[in-house]
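Comments concern the structure below.
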Amino acid sequence: MTKYVAAIDQGTTSTRCMVFDHSGHVVSVDQTEHEQIFPRAGWVEHDPREVWTNTRQVAAGALAKADLTTEDIAAVGITNQRETAVVWDRTTGEPVYNAIVWQDTRTDRICRDLADLGGGQERYRDRTGLPLATYFSGPKVRWVLDNVEGARARAEAGDLLFGNMDTWLLWNLTGGVDGGVHVTDPTNASRTLLMNLDTLSWDAEIAADMGVPMSMLPEIRSSSEVYGHVRERSALASVPIAGILGDQQAATFGQACLSPGEAKNTYGTGNFVLLNTGTDKVMSENGLLTTVCYQIGASAPVYALEGSIAVTGSLVQWLRDNLGILGTAGEVERYARSVEDNGGAYFVPAFSGLYAPHWRSDARGAIVGLTRFVNKGHLSRAVLEATAFQTREVIDAMNADSGVALTSLKVDGGMVVNELLMQFQADILDVPVIRPVVNETTALGAAYAAGLAVGFWASEDDIRQNWAQDKQWEPTMDAETRDRLYHFWKKAVSRTLNWVE
Ligand SMILES: Nc1ncnc2c1ncn2[C@@H]1O[C@H](COP(=O)(O)OP(=O)(O)O)[C@@H](O)[C@H]1O
Ligand SMILES: O=P(O)(O)OC[C@H](O)CO
């Protein structure tokens, strides 16, 4: 029997390939970053060709680093930044435009026009589980067809294909113009504003409203089945591609949040809290998303409530790259520890407006409470605290929507090495925060989906058994302090609204 399963994790800032053994431990990893393209304020793009080239490189790199060959790999899974939209020509394989990234706000006008058709921001909530917001892929496809010369005519002639990053990579991995498979899974499809959450199929009426021809849309298959095999003459040649999960759903799966009431929070570029609600979908009345959590083979889909926060780890990057006041992301903890508290400063990073639970595209970032006293340490602390406060907001909304009061929170992602943040998070939520041994839960979740499809893992019980705790932070803050800090956070948020006119 082959000993390993691989996962390709195509994230916002980088692409990695990871190889896991049967116990879910990392055997090998290779990773490379891609360019963040900011053509103008509010626009964020990636070059899909660069991402595809990087994918091939890291697949080869991960095998080489552990001295593995294709024969050692039982299956490969794909997990990806969700909502990031690619439109390409099926006859040439060439993208017609850069990938428009989930954080991009250029579709604000399109979303407002759609809302004006009736129903406002909630127009498609019943069918899709989502508010009308710039975050999702459908309006991004509309923008490409409206703005790239000749694109609409080519789309209507059936020459153009759409996909989130999972679909773009799957199509290329399985041969591209030579028989590439044009498929996605329900977790990715549920982020387009085009999929019906009950039937797990495309909604023709919404696609018509959105001006997106149905011929562009990939086939929706389950999250765990063999979609095709990797093309010949490449690193993972002939390996079955057997799992697709959007990265936040993959992390939920990798964290073994497999029963209703279990939740995780991933701290990466943004933060994403997902609560497994089982085979019942919970429609949010408090600004959360209802989304597909996973669908394993022919089983019924499992749903989740999601609190999506656009800017958390990227705020640390902003301090480092745009202001130059940090040398590395890790330094934020050292500066934050140099002071006792935030010195009265609050930083609301509404760089892409505010996502959950506010959904306010008219908000923009603000630092409030500044006095001459505030220094680099206080700002560093305010940056970390912003992550924890935003998490509290979505978890409060989740409690209200689901009636589930969390008794602990599983965490993962690039920011969870930050111990000050983890302690502050436990304090602001007043529940323990738990970090697993394998923090690479996103790639692991995709590996599990692929491994289950080919019998490498027998059942979800294997996933539960593989999960192990690394560290737990207990809340120590008194209620009065917690309430005071959170009160000022909410006041700071109110100062960012109604900024864009
Ligand atoms: N020690 C740290 N403290 C706070 N944030 C950190 C630290 N190390 C990394 N980060 C942040 O974590 C993020 C990277 O996490 P990762 O999970 O790799 O992101 P993604 O998958 O979204 O690309 C970056 O935004 C970075 O600023
Ligand atoms: O690539 P990440 O980890 O920042 O995740 C991005 C999310 O999928 C966006 O919805």
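Using N, Cα and C of the backbone, Cβ positions are placed for all residues, glycine too.
Here's what TrEMBL has on this protein:
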type	residues	note
DOMAIN	4-254	domain 'Carbohydrate kinase FGGY N-terminal'
BINDING	THR12, ARG82, GLU83, TYR135, ASP247	sn-glycerol 3-phosphate binding site
BINDING	THR12, ARG16, THR269, GLY313, GLY414, ASN418	ADP binding site
BINDING	THR12, THR13, SER14, THR269, GLY313, GLN317, GLY414	ATP binding site
BINDING	ARG82, GLU83, TYR135, ASP247, GLN248	glycerol binding site
DOMAIN	264-453	domain 'Carbohydrate kinase FGGY C-terminal'
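For the binding-site residues shown (ARG16, ARG82), fewest C-beta neighbours within 10 angstroms: ARG16. Those same-chain residues not listed among THR12, ARG82, GLU83, TYR135, ASP247 yet with C-beta within 8 angstroms of the centroid of the sn-glycerol 3-phosphate site C-beta atoms are ASN80, GLN81, THR84, VAL101, TRP102, ASN164, ARG191, GLY246, GLN248. For the binding-site residues GLY313, GLY414, the ranking by surrounding Cβ atoms (within 10 Å, all protein chains) places GLY313 first.
Same-chain residues at least 6 positions away in sequence with a Cβ under 8 Å from that of GLU83 (sn-glycerol 3-phosphate binding site) are, in sequence order, TRP102, TYR135, PHE136, SER137, LYS140, ASN164, ARG191, THR192.
If you take the C-beta of ASP247 (sn-glycerol 3-phosphate binding site) and look for same-chain residues 6 or more apart in sequence within under 8 angstroms, you find ASP9, GLY11, THR79, ASN80, GLN81, ARG82, THR266, THR442.
Note on proximity: among GLN248, THR269, GLY313, GLN317, ASN418, the binding-site residues of the record, the Cα nearest THR12 (sn-glycerol 3-phosphate binding site) is that of THR269.
Not one of the binding-site residues THR13, SER14, GLY313 has a CB under 6 Å from ligand 2.
Apart from the site residues ARG82, GLU83, TYR135, ASP247, GLN248, the chain places the Cβ of GLN81, THR84, TRP102, ARG191, GLY246, PHE272, SER308 no farther than 8 Å from the centroid of the site's Cβ atoms, the recorded glycerol location. For the pair GLY313 (ADP binding site) and SER14 (ATP binding site), the Cα-Cα distance reads 14 Å.
Distance from the CA of THR13 (ATP binding site) to the CA of THR269 (ADP binding site) is 8 Å.
Annotated pair THR13 (ATP binding site) and GLN248 (glycerol binding site), C-alpha to C-alpha distance, rounded: 15 Å. In the vicinity of ligand 1, defined as a Cβ distance under 6 Å, the following of the binding-site residues THR12, THR13, ASP247, THR269, GLN317 are placed: THR12, THR13, THR269, GLN317. Here the Cβ of TYR135 (sn-glycerol 3-phosphate binding site) has 28 other Cβ atoms within 10 Å, regardless of which shown protein chain they belong to. Across the domain 'Carbohydrate kinase FGGY C-terminal' (264-453), mean pLDDT in this model comes to 95.
The shortest Cα-Cα distance between SER14 (ATP binding site) and any of the binding-site residues GLN248, GLY414, ASN418 is the one to GLY414.
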